[in-house]
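What Swiss-Prot records for this protein:
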BINDING   Leu8, Ser9, Gly10, Gly11, Met12, Asp13, Ser14, Ala15, Ala16, Val17, Ile18  ATP binding site
BINDING   Cys186, Cys196, Cys199, Cys202  Zn(2+) binding site
Amino acid sequence: MKKAVVLLSGGMDSAAVIALAQEQGFAVHALSVRYGQRHTSELDAAARVAAAQGVVAHKVVDVDLRSIGGSALTADIDVPEAGGAGIPVTYVPARNTIMLSLALGWAEVVGANDLFCGVNAVDYSGYPDCRPEFVRAFEVLANLATKAGVEGAGLRVHAPLQFLSKADIVRAGVRLGVDFGLTVSCYNADADGRACGHCDACRLRAAGFADAGVPDPTHYAISS
């Protein structure tokens, strides 16, 4: 069976990506990164999703981006309750580049020629590393910078959610049997994984379920 490495954050998008990769016949190796994020709830969620969706392997890699800082997700910066103009403070400098690089390295080790990530250019909150140009550029880099790219069958970077709305992602996940109740999207989730209901991630998630006409399984710490 062909293999793929899928970035798994523990959120709803990456859970849907795993299901989409499996639908395409890939044996999924899921990679999560402990990068110093504000809470560990999403990594707990990643473990639940990996187990529920039957991945071949789930690896958690430690790369502490708190030593760099520069983001509300890794430093002592307040997370805003509403989106604004420009790139938001929840942008983590070069995060997707770093994570895809880790996935690329593991893909070479396990013999996978395909990488999957959950970046989205529709409801993407303004992050520069969620744009189609970034995904295309990283695929070029992957094939220039690796043994697998130079001597092997080549590497492909898939972003199957790239042009889907959150509602489309919800519908795709429901069709494929994804249990979104296992996932955590909130920037301010508590130790039990309960969402704040007010941050940008919560807003996009709630709107996705509402627009899809699907009951929201999110566990909230307070009424949203």
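Each residue, glycine too, has its Cβ placed from N, Cα and C.
Residues Ala46, Val49, Gly118, Thr183 surround the recorded ATP site, their Cβ atoms falling within 8 Å of the Cβ centroid of Leu8, Ser9, Gly10, Gly11, Met12, Asp13, Ser14, Ala15, Ala16, Val17, Ile18, which are themselves excluded. Here the Cα atom of Cys202 (Zn(2+) binding site) is found 18 Å from that of Leu8 (ATP binding site). In sequence order, Ile169, Val170, Gly173, Val178, Phe180, Thr183, Ser185, Arg205, Gly208 make up the list of same-chain residues 6 or more apart from Met12 (ATP binding site) whose Cβ falls under 8 Å from its Cβ.
The most crowded of the binding-site residues listed here (Cys196, Cys202) is Cys202, judged by how many other CB atoms sit within 10 Å of its own CB. Using a 10 Å radius centred on the Cβ of Leu8 (ATP binding site) and all shown protein chains, the other Cβ atoms total 33. Cβ neighbours of Ser14 (ATP binding site) (same chain, under 8 Å, six or more residues apart in sequence): Val6, Leu7, Leu8, Ala46, Val49, Cys117, Gly118. Cys199 (Zn(2+) binding site) sits 25 Å from Ile18 (ATP binding site), taking the CA atoms of both as reference points. A simple way to gauge crowding: the CB of Ala16 (ATP binding site) has 27 other CB atoms within 10 angstroms, across all the protein chains here.
Here Cys186 (Zn(2+) binding site) is compared against the binding-site residues Gly10, Ala16, Ile18, and the shortest C-alpha distance is to Gly10.
Counting other Cβ atoms within 10 Å of each Cβ, the binding-site residues Gly10, Ile18, Cys186, Cys199 show the lowest value at Cys199. Across the fold, the C-alpha of Cys196 (Zn(2+) binding site) and the C-alpha of Gly10 (ATP binding site) stand 16 Å from each other. Secondary structure from DSSP puts Gly10 (ATP binding site) in coil.
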